[in-house]
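As written in Swiss-Prot, here are the features:
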{"type": "DOMAIN", "residues": "85-281", "note": "domain 'MACPF'"}
{"type": "CARBOHYD", "residues": "Asn185", "note": "N-linked glycosylation site"}
{"type": "CARBOHYD", "residues": "Asn354", "note": "N-linked glycosylation site"}
{"type": "CARBOHYD", "residues": "Asn473", "note": "N-linked glycosylation site"}
{"type": "CARBOHYD", "residues": "Asn579", "note": "N-linked glycosylation site"}
{"type": "CARBOHYD", "residues": "Asn626", "note": "N-linked glycosylation site"}
{"type": "CARBOHYD", "residues": "Asn658", "note": "N-linked glycosylation site"}
{"type": "SIGNAL", "residues": "1-33", "note": "signal peptide"}
Amino acid sequence: MRWQCGTRFRGLRPVVAPWTALLALGLPGWVLAVSATAAAVVPEQHASTAGQHPLDWLLTDRGPFHRAQEYADFMERYRQGFTTRYRIYREFARWKVNNLALERKDFFSLPLPLAPESIRNIRLLGRRPNLQQVTENLIKKYGTHFLLSATLGGEESLTIFVDKRKLGRKTETTGGASIIGGSGNSTAVSLETLHQLAASYFIDRESTLRRLHHIQIATGAIKVTETRTGPLGCSNYDNLDSVSSVLVQSPENKVQLLGLQVLLPEYLRERFVAAALSYITCSSEGELVCKENDCWCKCSPTFPDCNCPDADIQAMEDSLLQIQDSWATHNRQFEESEEFQALLKRLPDDRFLNSTAISQFWAMDTSLQHRYQQLGAGLKVLFKKTHRIVRRLFNLCKRCHRQPRFRLPKERSLSYWWNRIQSLLYCGESTFPGTFLEQSHSCTCPYDQSSCQGPIPCALGEGPACAHCAPDNSTRCGSCNPGYVLAQGLCRPEVAESLENFLGLETDLQDLELKYLLQKQDSRIEVHSIFISNDMRLGSWFDPSWRKRMLLTLKSNKYKPGLVHVMLALSLQICLTKNSTLEPVMAIYVNPFGGSHSESWFMPVNEGSFPDWERTNVDAAAQCQNWTITLGNRWKTFFETVHVYLRSRIKSLDDSSNETIYYEPLEMTDPSKNLGYMKINTLQVFGYSLPFDPDAIRDLILQLDYPYTQGSQDSALLQLIELRDRVNQLSPPGKVRLDLFSCLLRHRLKLANNEVGRIQSSLRAFNSKLPNPVEYETGKLCS
């Protein structure tokens, strides 16, 4: 609703017309110069208001819209439940005030009606005054600008905030008076009622406001606000006589100024501008100099520090100190927040928490994450404000003799907060908690605190770390990980107990001693075994044209169940008839612990670094030789049965190359053309027997399924792993070790295949948990 009242303000022109004076607005450094006929002074409060920088709102966080009072009022009412706003207003007409003195000069070419004192001061300056003279005689007396024109006006409005949820409810009225033209004790207020009251506001203001306030008190459904802006009112002209009311600073008014140099003679204008700039910028303490896009004050001898505004610098340094305090307050409030304290209470105290463990609890707490984001947002605002002040501070200190003194705040990283939690947990036994050092598991206490360290639980982890802390004292280790044993409060690598009760694998024979005994074929290292062959007999001559099979077996399961046997050498005494051209060839197969012939491995004679047969003559007349292959400590191996396959080849001399060549003999159908006969006198195995207790090993295996304690199961697994590795070390040469341990379980302990597989799986799983586990691939030998 607009109501123009321009016709009622036609009397304004006569009031403004007498202002034929030289006016200057009272901004900082400016004064008001008028003639003696109409002198007035701008109040000080207006001068300070106008001194605000016009672009200061750009440095705020949200801009002018969010700073507007109307927006703030609306947001406040909206939070209170008022969701609808009705506003009725009228805008006063605009009046433009012009400087008539300047109009007379421009349009009528009349001289300016300057005060006699002003004219005298201009003449006293002469034609070449210095800047100090201009400042003292003109600027300090009359200012730097004067009023050219101004636009004045105002607005009056009524705003009603409405909560529609409460509006339709019936209200009890006291005294039987109705709210709007009715009678009765109960009345419902509608939007139509509010519309009627708002329409009558500019007709009968007092009565309308009284009724609206009654509705506001009775229902709580509305909120009434009056607003008046601008210096003028349609019903009041009294305040037009004061300059303060005309020049009031409000968003509805516009004031246009002009430099005072336009009123001066030509020869004074340039000096006046220079003096005005120096006066405003340098505060009369120096002369403004601009060069290469930079301006500064050339200080006078009286004011050597005119370029260094100490008050402004000190104010900015104080602002930085306040920001630093606010920064610390933000961090302290975060530490004291419910989310942070709730995390501290949820952390377990039965084990030590390193930074990684705390980070996992931190990451799972969504409420703490949200609170930490709020902290980051607040610190980000402070950080931007700090940088803005620092840039301005360095600009001010650019030509100062001292550097600015400040300290930039530093954002605390996540690792800091994780360490802070450790400090509160383990270093909080004093008034002020200390700082926890994770590497040394100790606390650094404040200088005035003798001790701040509390009990630090044991550290859990893999390898030598604890598996559990002691229930009665969390600072001590209660149990260890697999492969470690608790000793004097520390977890040390567990070593398997001696295997002598299960299998004696130690021997005192050194390499030189063993070689001497084998050369002598000492009976003390002979393993007595049973000779079996269907093709021949010991000490009898036979025709070697066909392959002969013979074996030496021990039948340990039947005769020697408490022993296993190790072979160090194999020796045969072979005799040939005189002038025989046959050469014996042996293929050796070794069965380690029994079973079928297919579970034997072939001995790679003279392959790689494996030894070859050694032949020594025994009886020249009978042409007998001892054929011996020595394994020694390097190639010794378990054996239960040795299979020897004997065949022959023909030895001949190549005349062309003077070399011995061999070829297979042809089948002789005529006995008269026989190439010779062969005889085996002895077949011996040299080695030693080891004590072996299959029942003890079975009991050890039973502990895998029925352990007395967890420690007994781990000890049994360690012993079985040690036994497996020691047995497999005697595997024959090859790219892959043969799994002799499975053969031992299968044939000497009579375990089923599935039992053997289960045991091997348990050993592999346990071995993978041990420190520095050694895994190796094995080849299958026994089915």
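Cβ atoms here come from the backbone N, Cα and C positions, even for glycine.
Cβ neighbour count for Asn579 (N-linked glycosylation site): 8 (other Cβ atoms within 10 Å of its Cβ, all protein chains included). Asn626 (N-linked glycosylation site) counts 18 other C-beta atoms within 10 Å of its own C-beta, drawing on all protein chains shown.
Ranking the glycosylation sites Asn354, Asn473 by the number of CB atoms within 10 A of their own CB puts Asn354 at the top. Put simply, of the glycosylation sites Asn354, Asn579, Asn626, the one whose Cα is nearest the Cα of Asn473 (N-linked glycosylation site) is Asn354.
Following the DSSP three-state reduction, the secondary structure of Asn354 (N-linked glycosylation site) is coil. When secondary structure is read from DSSP and collapsed to three states, Asn579 (N-linked glycosylation site) falls in the coil class. A gap of 18 Å separates the Cα atoms of Asn626 (N-linked glycosylation site) and Asn579 (N-linked glycosylation site). For Asn579 (N-linked glycosylation site) paired with Asn354 (N-linked glycosylation site), the C-alpha to C-alpha distance reads 87 Å.
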